[in-house]
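Some features that TrEMBL has for this protein:
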BINDING   B:62, B:63, B:64  FAD binding site
BINDING   B:222, B:225, B:237  [2Fe-2S] cluster binding site
Ligand SMILES: Cc1cc2nc3c(=O)[nH]c(=O)nc-3n(C[C@H](O)[C@H](O)[C@H](O)COP(=O)(O)OP(=O)(O)OC[C@H]3O[C@@H](n4cnc5c(N)ncnc54)[C@H](O)[C@@H]3O)c2cc1C
Ligand SMILES: Cc1cc2nc3c(=O)[nH]c(=O)nc-3n(C[C@H](O)[C@H](O)[C@H](O)COP(=O)(O)OP(=O)(O)OC[C@H]3O[C@@H](n4cnc5c(N)ncnc54)[C@H](O)[C@@H]3O)c2cc1C
Ligand code: SF4
Ligand code: FES
């Protein structure tokens, strides 16, 4: 088979047709097959001083695994990746490669970068289908470590510690492990039953125990885990799950949801599926306020539930914090972008339901401290947007449940846990932290990087104890 | 999985279950709740911890059969398991500092009021309980309340048992007769709590209302349970469920409690006639 041979261009990846996929929850991107992957791998120059590695937060040996793909030895490629990353099938799908590894790829100087993310994804999917597993620890240690939260940070930290032989238990508040991977990021970007579940199974196969329905700070506390249950170290990877609201009039009307609620109903509780009990008020005309990944996910979920959808964002398209690929997908599917627009009030009908949203147009003024141009209101530009549902996607902050119930665990003014970047050590001896709980809402791969660093920190701490 | 060690029908629509959950039993305090999921396709619903036994590691819940999930729960038998059971959630009811309290419960809300009354009584507080029901058939926990109250007034809407009238009538009578309460604690249907709070506001008696908005996670991550209290947005699952009754926007809470009415899909065909006949 002859595939595209222009080495400056990537091998395109198959996707579901936008018109079809806008009405289903199946994965949008279909991924490479082996031939395409080997072809794409051949575009890599296997640089000695590979720049791509420096762009990867967990420093995967990218040319190393790509070389194995080119040679057709996918199992070898998987073992290379597994040394660095516990969730490659997830990262290959949701990492913003365009600002990480792929941005630094030498090929990007002239032409398109190597499709590193799609190759990583192919390798991990191949390993799942062919039942290749990472290797478990040979020697066991007796020391017990507790990990709080089963998102990417917790799973990575637990996996790494188990590989070192520690006795690790993850405590998860919800009934299903995975954190944002199960309740936040939708099925059409990250399939749950196949991809997420099997990566979690891999972590369990390393010997990690997962206890669901345990809310630390309520069911038990960190102090009790350490003083009564014999855990010698604790890693906190509890994420940043507390939603923000705008504080504008009408925000508690029926039909106004946080993106977290909307997405949790749809993803975790599978409200989109007739066979599940949890209801969702999908809406006919939906406004999603915000411009991050979460806003895109909420908008595309609403679209799939049958609504007409607007994204309302106060800056311009260039500043949208969401991944370029996701903005592109959202537009293809028919999401309407209302940029340089800010809501000022939610209009409510006599029954207490949303009937519209008052907005004002914005223009970009001077650059602020962060270098981004600050949006300012355009005088006399108010208008009404007719909608019946509003989804607030303004960001999240860490839940104070853990910090407020643990003695000596300090937080900063954004309520994030204070932790050393190098080894995750917090202000409390034996307690380490990482991921969104420390940085505020960030990315999967950064959370994994922090989990990894903390696993090393915990190992050093326990060895010297 | 959490085993049901005891199941008992308290009235035609209200059931008591004792569930094995040692971690929760160890920590539970009156006023807190659990979130359960009956099976893997199920919805997460909040239910108050009506009682707990730290020694046997069991937690008691008392629920009213109102829709699909409570019905599915009621299909489980003694010895069978509930899939998920998380807690204790929410803040315990503030019971310190009170010397004399009126506890006002309505319907299944009495199940939630009972552990609070019990704790107050055990602390040496004078407890006057007022419990209200639609009719004689629906009366629950009468003996239990008697044991933990210095005075118990049982009301039915139709006068088929106890005194005829609403709980607000009984409360007003007690206050007018000169009883001086440090606080009133009220738990029941929103509309009942709204009127209890309106009454105690007239007499300027501190009042705590236990709110029961729709919840999903119950850990503070979705805001589905939000309420306006004193003009501020609060999440009932973490900031509550008890709030100062004179500060709560009850009308907003009443509206919000109806959000999913049009969407309760499985509930529509299957809703049992019990609901239609006995509860409405
Ligand atoms: C909708 C959405 C889309 C996103 N899209 C992307 C994307 O495309 N690419 C990307 O890189 N990033 C994306 N992100 C961000 C990314 O998912 C997060 O940065 C990442 O998941 C953080 O990992 P974490 O392990 O720190 O926390 P989380 O994934 O939030 O996991 C924390 C876990 O801890 C549990 N927990 C919390 N409190 C307690 C407690 N008290 N006791 C026990 N357990 C507790 C929670 O239930 C949860 O399971 C997205 C986020 C969202 C919400
Ligand atoms: C903190 C808290 C503690 C609670 N404790 C108890 C308890 O101890 N015993 C008990 O019987 N009930 C309690 N409830 C109410 C209970 O959660 C609901 O009755 C239950 O969720 C209904 O589920 P369902 O699927 O059977 O009914 P659904 O099909 O979901 O609903 C049936 C009807 O109930 C209404 N409804 C749905 N959710 C709630 C809710 N949270 N509160 C009030 N009405 C609702 C619906 O609008 C509908 O009219 C509590 C609620 C909260 C928030
Ligand atoms: S920088 Fe690009 S070409 Fe060089 S090794 Fe990395 S992926 Fe290959
Ligand atoms: S139920 Fe989700 S925040 Fe309270």
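Note: Cβ is positioned from N, Cα and C throughout, glycine not excepted.
TrEMBL feature annotations superimposed on the structure.
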residue : record                        : DSSP (3 states)
B:62    : FAD binding site              : strand
B:222   : [2Fe-2S] cluster binding site : coil
B:237   : [2Fe-2S] cluster binding site : helix
Filtered binding-site residues, from B:62, B:63, B:64, whose Cβ is under 6 Å from an atom of ligand 4: none
Listed in sequence order, residues not in B:62, B:63, B:64 with Cβ within 8 Å of the centre of the FAD site Cβ atoms: B:10, B:14, B:15, B:16, B:47, B:61, B:65, B:70, B:108, B:111
Chain A, Cβ under 8 Å: which of the binding-site residues B:63, B:64, B:222, B:225 qualify: B:222
Site with most surrounding Cβ atoms, counting all protein chains shown within 10 Å, from the binding-site residues B:62, B:222: B:222
Cβ neighbours of residue B:64 (FAD binding site) where a neighbour is any other Cβ within 10 Å: 23
Integer Å distance between the CA atoms belonging to residue B:62 (FAD binding site) and residue B:237 ([2Fe-2S] cluster binding site): 19
Spatial neighbours, same chain, of residue B:63 (FAD binding site) - Cβ under 8 Å, 6+ residues apart: B:14, B:15, B:17, B:47, B:70, B:73, B:74, B:108, B:111
Length of the line joining the Cα atoms of residue B:222 ([2Fe-2S] cluster binding site) and residue B:64 (FAD binding site), in Å: 25
Sequence-distant neighbours of residue B:225 ([2Fe-2S] cluster binding site) in its chain (C-beta under 8 A, six or more apart): B:213, B:214, B:215, B:216, B:218, B:235, B:236, B:237
Where the C-beta lies under 6 angstroms from ligand 2, the matching binding-site residues among B:63, B:64, B:222, B:225: B:63, B:64
Neighbouring C-beta atoms (10 Å sphere around the C-beta of residue B:237 ([2Fe-2S] cluster binding site)): 27
